Each structure stands twice: as C-alpha cells, then as structure tokens.
Amino acid sequence: MSDRGRTLMVQGTTSDAGKSTLVTALCRWLARRGVAVVPFKPQNMALNSAVTADGGEIGRAQAVQAQACRLAPHTDMNPVLLKPNTDIGAQVIIHGRAVTSMDAAAYHDYKRVAMEAVLASHGRLAAAYRVVMVEGAGSPAEINLRANDIANMGFAEAVDCPVILVADIDRGGVFAHLVGTLELLSDSERERVKGFVINRFRGDIALLQPGLDWLEARTGKPVLGVLPYVSDLHLEAEDAIDTRQAAKVGPRLKVVVPVLPRISNHTDFDPLRLHPQVELSFVGPGQALPSADLIVLPGSKSVRADLAALRERGWDEAILRHLRYGGRLLGICGGLQMLGERLHDPLGLEGAAGSSAGLGLLALETTLEADKQLRNVQGRLSLEDAPLSGYEIHAGVTRGEALARPAVVLDDGRADGARSVDGNVMGTYLHGLFESTAACSALLRWAGLREVQAVDYQALRERDIERLADLVERNLDTGRLLALCGEPHA
C-alpha cells in the first residue's frame, strides 16, 4: 500500500447487489467523521450521466456519491463511461469526453488504453484525499470478462487495495453467490476480499445467524454486517428505470413517459415519482399510451432510432390525439429534437448517417454535430419566470423559428428550447428540470394541477443519504471498516 490516500473497493456478487448504495453510505459515514473521502468507479456502463464541475460527464451514481462526500462531481471520479447506442456498441467517454464509438470486441482490445486513464485518475484522487472509496461493476466472477479487466479485480490488483464483497439476500441464494464468487477468483484476488456485507435483509436476524456462522467458517472471512431492506429509499438508479412511487392520496396529475429503446437520463423523472400529487407511468413496448394530463418525451442516446420505434408502436398518433384533447406535451433533450420537423445525423454519430422526419410539432430542425455540449446551467423557466438549475448533455444544434418562443432563458443570456404558439407543447435541452422546486411546481400547474404542493427534491435526496450513513453506524462493523480505510477507531 502507498502512503497516499488509502483505497477500499466495494464489489458485488451480481448487478444490483447494492454496490452503489453501499459506496454512497460509506462515503457519507466517513465524511461525517471528518475524513476526506472521494468516490471512484473505474468503468461505468450507463445512460444516466451527470455534468461535472470540470465540464465533462460521469455516471449519475458517482455524482450522488460525490454529494455524499460533500464534493462537486469531477471526471476523475468515473474516468471511463460507456453509453450504449446499439445492442452491441457504445460511445466511449474517457475523462468526461467522448472519444469514439465501438463495438464490444473492439472495446475489449481498447481496455489497455482505458486502464491508463483509470490509473491516472485514481492516482490524482489518492494524492488529494485520505480515502478513495471505489465501486466495482457487475460481478468480479464473469469468466468471459476477466482478461484485461479494469472494472473489478483487475483494478484492485493494479492498485493493491482490499475489497468488500456485497450480496443481495432479497433475491435468494446469497450464500451460493458469495461462496461461488470466491471460488471463481484467483488465489491473490480471493485473498484481497476482506469481508462480506449482506444487503436487503428482511426478518429476524437471529434466524440468519447460523448461516452467517457457516459462511465465516467456510470462507475464513468475516461478515461485516447485514443491512436491512429499505423500501422507501429513493436515490437515483444507476441504469434500470425505478418505477417505485411514494404513497399518494387524493387527486393526482397523470404524467406518462414513453420508454424508448435508448432512453437516457430517466432520473429526470425521479422527482415526479416522489411527488405526492403526481401519478407517473412509464409505458413500454406493446402498451398503449394511456390518457394523461402530460406526456413527456425523454432523452435518448439514439434519437432517430427511438423516433422510429415511437412510430412503430403507434405512439405518434396517440400523442397527436392527446394534444387534440387538450393535453400538454414536454420534450427533454432528445425529446425536444423529436418534436421538431427534421433531424439530421450527417456524421452517423448515433447510427447510420441520414435524416428523419420529426413529429412536426415545433418549427425546428436539429443537426447532430461531433462536439457534445456539456454544461451545468441556471436560468428561469418561461412559465411563471420560475428559477431553475439543470444540465445539458447533447450533440444536437437546433435551429428554427420556434426558438423565438424559448422554454428557458439562461443566466448567461442564451435562450433554450421552444414553446408552441398555442402553448401546449414545450421542449428543452435541460435535464434536471423537475429537481428545481419552483420550476417543477410551474410545470405541474401548466399541465393542469391547480393547487401544487412544493416538494424539495434536493432535501429528500440529502435526507436519504443521511439515512444510509445511519444504517452503516447501526448495522456494520465500523471498527473493521475504519481499519480497512486506514483510519483510527475512536
């Protein structure tokens, strides 16, 4: 181990075992103790991303973990981000900037280059912070991905760090997951696993204890603790769409989101899931768009392909019918581009080069260009002059007469997005609209909700991060955790 900041890595036996949540919890727990801690994920594959203070993009899970550390997000926290744009390919983002798109086979060969970026970022963080809290990806026991691994044990071996292995007991088979994962590791990898965390346990811990005793005897490794199942924890999902909603009573505004094949940044809708006056529905393939007050076209990593999918499902006609009956329609980022008259991709940035007809609901045309726009912004919504904060992640340049009726006026003087002449259709490039309390309330009133209850989404997220840290204090072996971090136990 180096005398620089200590590194501790959390790996999982499966996807969705609880790695992101545990790293978030450990980050806030250490930050509350006054430890200078920073999150790190060598490689992330996700379509939910955040814009960083240094003008790049990283996975949204790392942005939440940065908040847990009380830090601004930085590209070094997630040096390699893969954003799938086909079933076999992805855009490769290194240190926050898109470098190329490649298929899985080509990326496998590229991993040696990616590892250089990973180690450079880790080195900078380890030099600046006392603890680097690392999140792995998927499982370390994927045999077909072991060669050139940069996301799990390949990274842990390269920087010589200890590993905690987390498993989800709620899905069943937790002992097989843990023991099986260890069996598939090399001797040196197995040695660096210093303990287990069992996640999402329901019931009487005394009934689990015989299994824990067996696990420790079988593996020679300690169980660092058992975290309870928490049903009302609402932090942003790393990739899968979270459809859970807060308990709601009384009249509600109906909001519908069509789920397109390459939907991106669906965390935009988390504030609506949690809003007590909103009934949010995600509608997938094979489903008709139900009646609604507001339809929101989400962001997309492949806008022309998603627009074709929308038409194949008959949703374009359903949207027009929705507008004829007085409904409201909002497009966010790729959704804004779909609302226009034409969409051009001359460079083939999101698939085959070419042009597509848009929905024709706003007098706009968009051309995709190589330089991606990445920025955090503040401004005011055209509705009620409501203040807002958000972020832009897009390659499109949009032009047209509808821009004379902007959806947002930014503090830097730029206008963003557009509104239709009748005011029923609106589009914006800004993600995170609903996270700003005043802007969210204004949009809900625009969509037909008369008496809107203001909800502070940022406060809710901060509350849940604090709850996670409390769970660490109550349920994990904090003495052993501090020792793994090189911190005194006081």
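Note: Cβ is positioned from N, Cα and C throughout, glycine not excepted.
Remember, it's a predicted structure, so these values are computed and weren't measured experimentally.
The domain 'GATase cobBQ-type' annotation in Swiss-Prot covers 252-439 and rests on sequence analysis. Residues or ranges marked as active site, nucleophile by Swiss-Prot on the basis of sequence analysis: Cys333. Annotation source Swiss-Prot lists active site at His431, citing sequence analysis.
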Original post:
For the residue listed as 'active site, nucleophile', what is the tally of other C-beta atoms lying within 10 angstroms of its C-beta?
Top reply: 26
Original post:
C-alpha of the residue listed as 'active site' to C-alpha of Cys333 (active site, nucleophile): distance in Å?
Top reply: 7
Original post:
Tell me, how many other CB atoms lie within 10 A of the CB of the residue listed as 'active site', whichever protein chain they belong to?
Top reply: 25
Original post:
How does the model score the domain 'GATase cobBQ-type' (252-439) in terms of mean pLDDT?
Top reply: 96
